[in-house]
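Trainee: Annotated compositional bias 'Polar residues' per TrEMBL: 222-240, in sequence order. Under the heading domain 'FAD/NAD(P)-binding', TrEMBL lists 10-165, 300-383. Feature annotation from TrEMBL assigns domain 'NADH-rubredoxin oxidoreductase C-terminal' to 412-478. The region 'Disordered' annotation in TrEMBL covers 196-247.
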Amino acid sequence: MANRKEKTFRFIIVGGGIAGVTCVEQLSSQIPSADVALITASPHIKTVTNYRQVSKTLEEFDVEEQPSSVLEEKFPNLTVIHSAVKSLHTRSHSLETTDGRVFGYEKLCICGGGRPKLLTQENPYVLGIRDTDSAQELQKRLSKAKRIVVVGNGGIALELVYEVEGCEVIWAVKDKAIGNTFFDAGAAQFLIPSLETNKPEKDTPCKRPRYTTEEPAPGGSHTFTADRNARRQGSSSTEAGSALGPDWHEGIVLQGSEQGTRRVSLEYQCEVEKIFTSEELLNSPPQTLGHENGSWPVYIKLTNGKTFGCDFVVSATGVVPNTEPFLHGNNFALADDGGLQVDDHMMTSEPDVYAAGDVCTACWEHSPMWQQMRLWTQARQMGWYAGRCMAAQVLSEPIELDFCFELFSHITKFFNYKVVLLGKFNGQGLGSDHELLVRCTKGLEYVKVVLSGGRMVGAVLIGETDLEETFENLILNEMDLTPYGEELLNPNIDIEDYFD
Ligand code: FAD
């Protein structure tokens, strides 16, 4: 293998997603004379645009797909190789691509991302969403659909059920509340009316200093209908086919075959038991059909005993790290979630091999306020930091874990509300050792603070609360907030002034 090397690069980065491209940019700016290769399976690369630092740790940006020539023009020492890595040989510091070429490296960074955890493989009626192609396929299939079943409870499912129009959506979640990855049941209750109506009710703030929530009965279901026309009025139409980014659904029209109203039916606390075609249904014992029986191309049986016919199923049950092409013959330490374990310098267990983004699992001792979530922001931060670490090692410079890993922070939009998540926003890992303060104004804002030992350790801010910077500071300063008690969320106190 070593003898077949076409060329040896000082640095090779695998993957043209946010992590890989940011790593390339960082390395190429720090060591402009270094020979860098980006090997990527996709024809386009993803770049960060309109980057904005919102506060110390919160950041916002757009993601654009661009031709790789844009990157090569910017960095003359960069070579982009459009092929997939077939195998990696860490002992000989080389890798082979599917078009049969072999490249050597001095330092390698694997940024191969993740792949959808599909409910079932190779079923033409089950769709996963990962990239622009799969999002366009969804759009095409949706345009002819009357009913779809969405399975999953993460960010993609949340966005999808809100965006789909002109098609009945049955949404199967395994938890007691929607959006379990991002919120608690209280925030879910706040968001649910958005599925029914898009006209926010402007109530006076009601202070709810202690957290309570009503949970649906196990296996229970809810139905919501809404007319989306009100929300769409005045909003500019979006162009079809734009890049899959944090607002990936904005670039595509998620319109079913019917006009007008949206209808979302929720099935809680259930998973998929079986997916079968209409022929298989005919040949199987009688099923309990959840909705009016008709002729559908595919049927899905849930563990709550209900069976639904639909045009297709969207499997939005998360991603698994895409490690497969890199493992054979090597000795990578893998985390429980299947990611390549990386230390606080983004190094894997194999010499001279780094990893960043969805493909890796951060295995250093985390700051008490940080956790890994496979998101754009963390892909960018990890790619940037991996590039810095690789350069620092070559230049024999010391480097410390970047500040961005001090506090988990994420800013996004769900159901058209601005959502900010800080620190241990769901009390992750705190057991019963925490207290919650909640303020909620129906249709306007939902503010939840997680306190532990009198100190703020996390927060969920939904709506235009304007509290993110103050709360970020309170978390980072570890200030004892016991004297303030429930006043902390008193809507009549300008908290920003209070702590200035
Ligand atoms: P990827 O972007 O997956 O890039 C991986 C790259 O590696 C690709 O270029 C691929 O072609 C290449 N590759 C893979 N295997 C090989 C190989 N063998 N050889 C060569 N190249 C290879 N996050 C948010 O924060 N906000 C959101 O709103 C949001 N929405 C999302 C919506 C959807 C539909 C999806 C699927 C994800 C969303 N995410 C969101 C998550 C976010 O997309 C990921 O966390 C992020 O893209 C990870 O970046 P990455 O660079 O690690 O991997």
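Cβ coordinates are placed from backbone N, Cα and C, and glycine is handled just like the others.
Automated prediction, rather than curation, is the source of TrEMBL annotations.
Looking at the shown structure, can you explain where the listed features end up?
Mentor: Model confidence over the domain 'FAD/NAD(P)-binding' (300-383) is summarised by a mean pLDDT of 95.
Counting residues per DSSP class in helix, strand and coil order gives 10 helix, 33 strand, 24 coil for the domain 'NADH-rubredoxin oxidoreductase C-terminal' (412-478).
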Trainee: What are the helix, strand and coil residue counts for the domain 'FAD/NAD(P)-binding' (300-383) according to DSSP?
Mentor: 15 helix, 26 strand, 43 coil
